[in-house]
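Q: For reference, the structure I am asking about is given below.
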């Protein structure tokens, strides 16, 4: 993805009389500087205070660490043991931590499965890398390392394994299938991925708009900010071969979009979901970004748990027309 040239002539603004004038340099430079800083922070957010743990929900848990093969970064996570033998690995959204998945951890644990959740690199209590490039490769290889650890861990690796990704991590969850020798029973993608990565990155730029200085918040200055932010984020991410060809895999896929999601709207997820014609697809009608479990709780639980039961080869509900057995396409 080509990067904007900050030394190039500034974009033009249109005057009321229809004439166009160049945006003053004083408006361009802050936009470029902020875009560069925020692009780096997308993959390296400031450290946050420790969040809640499964113990806050009276769930059993133990902590674990995995050291990445690529660059020796320490990833920290939780194991919430269930009745077994199957395990679901959760990947939180960008800028969040494993604590953001506590509701899903509880849901999956109550269903009887082992649950593994970890902080991605540069997030939560995991190690930090200060790298500028190949971030897609790093996050994907990190998940592969966690999955290898799960398979080798007594009490976790004896059954089927599923991956459950949110927002940014949905790209990682799909891409990891080509990085591991082991078979995954299922991948669930909640609130992503966008088929066009650049459109999703532009959406992340819009999320920051209200916090930008007034001089950068609107007009051509914001256009410069958004273009630079998405280009720099894409350059650092360095995604290759998107969407991945998964035709040789038997892993079952499920895509969940939020009907009220303005960050990664259902219309942007739909082409990615349809790229995999055998996938299950559903739009949670009341959900915003990554909160379908909160706003469409009962149907969300029925659909997700039903999908995982079928993927794990467990007995499903007696009613074949129940919510979890319907194929409801993502709108778009």
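Cβ atoms here come from the backbone N, Cα and C positions, even for glycine.
All TrEMBL annotations are machine predictions without curation.
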Q: Of 291-311, 312-332, which span is tagged region 'Disordered' by TrEMBL?
A: 312-332
Q: Between 0 and 100, where does the mean pLDDT of the domain 'AB hydrolase-1' (87-203) sit?
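A: The answer is 96, the mean pLDDT of the model over that range.
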